[in-house]
Amino acid sequence: MYGIEYTTFLIYLISIILFNYILKSITRMMDYIIYKFLLIITITSIFDSAQNYGINLPITGSMDVSYVNATKDEPFLTSTLCLYYPTEARTEINDNEWTSTLSQLFLTKGWPTGSVYFKEYDDIPTFSVDPQLYCDYNIVLMRYNSSLKLDMSELANLILNEWLCNPMDITLYYYQQTDEANKWIAMGQSCTIKVCPLNTQTLGIGCQTTNTGTFEEVATAEKLVITDVVDGVNHKLDVTTASRTIRNCKKLGPRENVAVIQIGGADILDITSDPTTTPQTERMMRINWKKWWQVFYTIVDYVNQIVQTMSKRSRSLDSAAFYYRV
């Protein structure tokens with residue numbers, strides 16, 4: 001009887017010792033695997049952080065900020081509309097209650113009070129540096145100015161399309177545009193952008209890479225620049241203003257919750273001729289210039305027709321994302 005008890009005790013003791021040994025072996029093996037993995041990651045990160053001169057960086061970031069998407073299409077009663085207008089409109093109207101008046105008029109078209117937001121901007125160059133379009137539907141009013149035709153056209157191209165962007169370090173790298181949808185977009189204070197195309201030996205074509213004075217000037221004293229160069233050719237860039245931010249961007253397609261309305265002007269802005277605009281229609285319209293009250297009355301009358309050319313999207317445009325997001 002006592003022999004059986006001793007045997008049982010020894011079996012339990014041996015089992016515990018064996019189990020403890022197995023656990024220690026597994027622990028040592030896991031430690032080895034983890035340390036090995038961390039060592040590989042550390043070595044790899046060192047190589048990844050090294051400078052890599054003369055490469056064409058891939059585009060992986062985005063200037064679009066995603067917010068919660070609706071699970072179903074909602075009627076205008078549950079949508080928001082932002083109306084962007086220049087300061088001169090408020091100055092000319094000179095009525096502290098003018099937005100309240102327009103809100104009541106929008107109500108007659110099915111837009112509840114509080115669903116329409118009036119957003120003021122100083123001028124086209126200022127707005128182009130910091131466009132923020134957050135509503136379900138966004139209508140931008142641009143008063144035609146012959147001296148700002150380029151800024152207006154590039155602003156329309158920027159806000160009417162979605163872009164995938166990466167920051168550019170022009171002090172270390174040279175860049176090339178891979179196709180027609182690939183552009184370099186710069187925002188900031190007034191500056192000049194110059195480029196020097198390179199041959200396969202990375203020597204300048206018609207310019208000297210060490211002398212920016214020989215570079216070809218593609219933009220002069222602008223706040224918003226969408227630069228297009230010859231595809232498949234490496235370029236060295238020079239930006240004269242340090243505060244300007246330039247990004248390597250690719251046009252993804254139309255931003256369908258934005259419309260641009262040109263106010264007045266003998267010339268009509270048109271960006272549909274751009275081969276990257278597909279289909280060849282854009283949400284750009286024109287209203288004859290009269291008085292700002294007349295302009296707003298016209299927009300109220302046709303707001304639902306305008307919105308029907310648009311579609312509610314799950315992305316908003318925030319220039320802060322353009323500057324900082326990788």
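Every residue gets a Cβ built from N, Cα and C, even glycine.
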Recorded disulfide counterpart of CYS249 (Swiss-Prot; options CYS135, CYS165, CYS191): CYS165
Have a look through GLN104, GLN132, GLN177 and flag the one Swiss-Prot assigns to the Ca(2+) 2 site that ASP228, VAL229, ASP231, ASP301 belong to. GLN177
From CYS191, CYS196, partner that Swiss-Prot gives for the disulfide involving CYS207: CYS196
According to the record in Swiss-Prot, which candidate from CYS135, CYS191 pairs with CYS82 in a disulphide? CYS135
How far is it from VAL229 (Ca(2+) 2 binding site) to CYS165 (disulfide bond), counting Cα to Cα, in Å? 17
Using Cα positions only, nearest of the binding-site residues to CYS196 (disulfide bond) (GLN177, GLU216, ASP228): GLU216
Should one count Cβ atoms within 10 Å of each candidate's Cβ, the recorded positions CYS82, CYS135, CYS165, CYS207, VAL229 would be headed by CYS165
Using all protein chains in view, find how many other C-beta atoms are within 10 Å of the C-beta of CYS196 (disulfide bond). 23
Spacing of the two Cα atoms, CYS207 (disulfide bond) and CYS82 (disulfide bond), in whole angstrom, works out to 47
